[in-house]
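Per TrEMBL, the features are as follows:
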type	residues	note
TRANSMEM	20-42	transmembrane segment
TRANSMEM	72-95	transmembrane segment
TRANSMEM	101-120	transmembrane segment
TRANSMEM	127-152	transmembrane segment
TRANSMEM	164-185	transmembrane segment
TRANSMEM	206-228	transmembrane segment
TRANSMEM	248-274	transmembrane segment
TRANSMEM	295-318	transmembrane segment
TRANSMEM	330-353	transmembrane segment
TRANSMEM	365-385	transmembrane segment
TRANSMEM	391-409	transmembrane segment
Amino acid sequence: MIGNGVFLLPALLAPYGTYSLLGWLCAGLGTLFIAFTLGGLARMMPRLGGPYAYSRAAFGDTTGYLVGWGHWVSYVTATSAGAVAFTGYLAFFIQPLSDNPLLSGLTAVSIIWLITLVNLRGVRDVGVVQLATTIVKLLPLLLVALGGFLIGDITAVEARNPEQLSMPAMIATLVMITMWAYVGIENVTIPADDVIEPRKTIPRALIVGALSATVVYVLATSGAMALVPADVLAASTYPFADAASVLVGASGAALVSAGALVSIAGALNGNVLATAQLSRAIAKDDLFPTVFEPLNISGVPASGLIVSSLLATVLIGMNYTRGLVAAFELLILVSTLATLLPYAVSALAAIALRRAPGTGEIEATEGPATVVALIALLFSLFAIAGSGWDVALYGLGLLLLGLPVRYLSRSRS
């Protein structure tokens, strides 16, 4: 789950100084409860679709559709944000990308379609790309984390509240920003049909992913803040490369930028496929148009991939004039908001559902699982409160676009 999320976030968190570490810790703890909740649901119902499937089983087609649409919107937006993050680090090597919004927008769109072509070749090729990027993605983060503690001075970084918010409101804002690095943890629950022993594999992957990611995120962000002044960090489109340049000079910064590009590409690769798999799962239940359902000769939902990438392209076209960092911030907040809603409904589903062992029946959840799901629900609502009105309205507009799709799907049925 470590991908494009962390590589630009130091720029957004720099104005908060060490308060940003509170955001990481709170987001990591909340994500752990979400992981436990989704893991429990995966044991009950290892079905294609993840949170959409759980919500539909608990509350019916309408709720399932709304969750599925919101989740799909979050994935499409995440694809746009990931392409922007990739372009930001590519600007280390091609400087005009930092200053030319049109060029950076076209580059981001090109990245989306290159990744889409990789996915059209099939799940096996996607898996090879994911394996190749797993190790490479950690190297720049661990380098900056280690260098920050050896050479930098994290104690010299101030804790700042730039908007003079109350402490709960500021933490909610920080959680909303840092949650971007965690959203996507549910990706492992969506292709349940393709996972070996999903009842064991999926819960284990969720929990290990949440714990390990939190450790890496806190250490890497602390290292970057310890090495780079806050004003420089806040304006950077490649913050970890700037941190590496303090440690090992321009050549080291180039290596870190290259590692970041590989990591972001790997995360984009998985996200594009998960987007198409989710829309196919909903289409199979007659809640999305039939165009999302068929598989091509490589066994992937080609039409779903193409439609999703087209919409991601439109989102970049609507935001490229903001500049890379500002466009990235808006896109990640909208994507996170649209993901937290399915998390919240999944937590409600976990409270409402439990499969009776050996019977396949659904029964009420009791005991510790209910408490865990309730905490996951409250955390999701707390994070949503930190989104702000602009993001909330933007996200609401994208969600409302799902109404005509629902009408067309019902007409088909």
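Keep in mind that glycine also has a Cβ here, set from the backbone N, Cα and C atoms.
Curation does not apply to TrEMBL; its annotations are automatic.
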The transmembrane segment (101-120) versus listed stretches 20-42, 164-185, 206-228, 248-274, 391-409: most Cβ pairs under 8 Å: 248-274
Cβ contacts under 8 Å made by the transmembrane segment (391-409) with residues that lie 6+ beyond its boundaries: 65-66, 69-70, 73, 77, 286-289, 330, 333-334, 337-338
Leading contact stretch, 20-42, 206-228, 295-318, 330-353, 365-385 vs the transmembrane segment (72-95) - CB distance under 8 Å: 330-353
Chain residues outside the transmembrane segment (365-385) and at least six past its termini with a C-beta under 8 angstroms from it: 27, 29-30, 33-34, 36-37, 40, 172, 175-176, 179, 336-337, 340-341, 343-344, 346-348, 350-354
Long-range Cβ neighbours of the transmembrane segment (295-318) (under 8 Å; 6 or more residues past either end): 72, 75-77, 79-80, 83-84, 105, 108-109, 112-113, 116, 119-123, 272-273, 275-277, 279-280, 283, 327, 331
Interface check, the transmembrane segment (206-228) with the transmembrane segment (20-42), three or more C-beta pairs under 8 A: yes
Candidate ranges 20-42, 164-185, 248-274 - greatest C-beta contact count to the transmembrane segment (330-353) (under 8 angstroms): 164-185
